[in-house]
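According to TrEMBL, the protein has these features:
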- 67-71, 226-230, 254-259: ATP binding site (BINDING)
- 1-36: domain 'Phosphagen kinase N-terminal' (DOMAIN)
- 64-295: domain 'Phosphagen kinase C-terminal' (DOMAIN)
Amino acid sequence: RSQSTGPKAVGCLAGDAQSYILFCDFFDRIIESYHGYKVTTDTVQESDFNYDNLKGGDDFDQAYAMSCEVTAGRSTEDYCFPTHCSRGERRQLLTLAKPVLEQLGEDLPGKLYSIDELSHESEDRRAVMDSPPLSLIKIGVARDWPDARALWLVRDGTLAIWVNMEDHLKLVSYRSDACLQEAFKTICINVLKMETLYKKLRHPFIWKPHLGWVVSSPAEVGTGLKASVTVKLLHLAENKRLDDILDRLRLQMEATGCPGIYKVSNLQTIGVNEVELTQLVVDGVKLLIRMEKRLENNSGIDDLVPAQK
């Protein structure tokens, strides 16, 4: 069982999209255990990128919500996943990404950096990578580092796109104003644009009716989407009911290294669409903040605990 301040993990990755079909007995059980969702051939993973359907993602209490991030992973048809792909495949994936990112840059001016360039000339020290992150070494995707890995950064800082890291593509929208509404909108608009552009190149993103968007980790199949809010929860973090509350909200909470500051995000990525998933995070974070305020005033929170779903 996961601790309230640590991320839940699945401990395995797929080598390619076909793995989910060939080893379905294994992967379906992992998905059911992690997401609480039973995969069957009759189920269809729905999508909803209409960001206007998200309600309340722009008015978190700024005294508690400090920043937010929305990420979306995508994999490209006809290529193995980073755990298994060859150096040649990795280079082809970067070659495919370049014209797509150039076209994306017509509306959102940005620049593509190789990892080498980032390490030597980036002004943003957060993006410097002199060696592969430990997280990539652990999962076996740091082979031939830094060959054909790249980062596309939008000039205004609203979007970053990693190429050939944990997944073929990872879109990241981070906001220091904790406006989840805008971060979600940025991801929706740009993931749809990229989907269209990759289709034109005859290498569409991998989608299976019963699994949705297929990525290397079974923890992210379905929508491939993670929405998180970094929030101050000094008192709630010490509360004995926290694990139970997070289970009921279908959220996870990780420590950030700063005392009392936690990253709250969705656990489930399949069986719900993009809007529903992000709405769970919005509503859940607001409830956690309400609880934190109650505890600050030495009041009880039992009446705020949601019913078991």
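Using N, Cα and C of the backbone, Cβ positions are placed for all residues, glycine too.
Sorting the binding-site residues Ser67, Thr71, Thr256 by the number of other Cβ atoms within 10 Å puts Thr71 first.
Across the domain 'Phosphagen kinase N-terminal' (1-36), the model assigns an average pLDDT of 84. With helix defined as DSSP H, G or I and strand as E or B, the domain 'Phosphagen kinase N-terminal' (1-36) counts 16 helix, 0 strand, 20 coil. Fewest Cβ neighbours within 10 Å among the binding-site residues Ala227, Val229, Cys258: this applies to Cys258. Panel annotation: around the domain 'Phosphagen kinase N-terminal' (1-36), residues 75, 77, 79-81, 83-84, 139-140, 206, 208, 211, 214, 216-219, 221-222, 237, 242-243, 246, 250, 252-255, 262, 267-271 of the same chain, lying at least six beyond its termini, place a Cβ under 8 Å from a Cβ of the stretch.
For Glu69 (ATP binding site), the Cβ neighbour count at a 10 Å cut-off comes to 19, with all displayed protein chains included.
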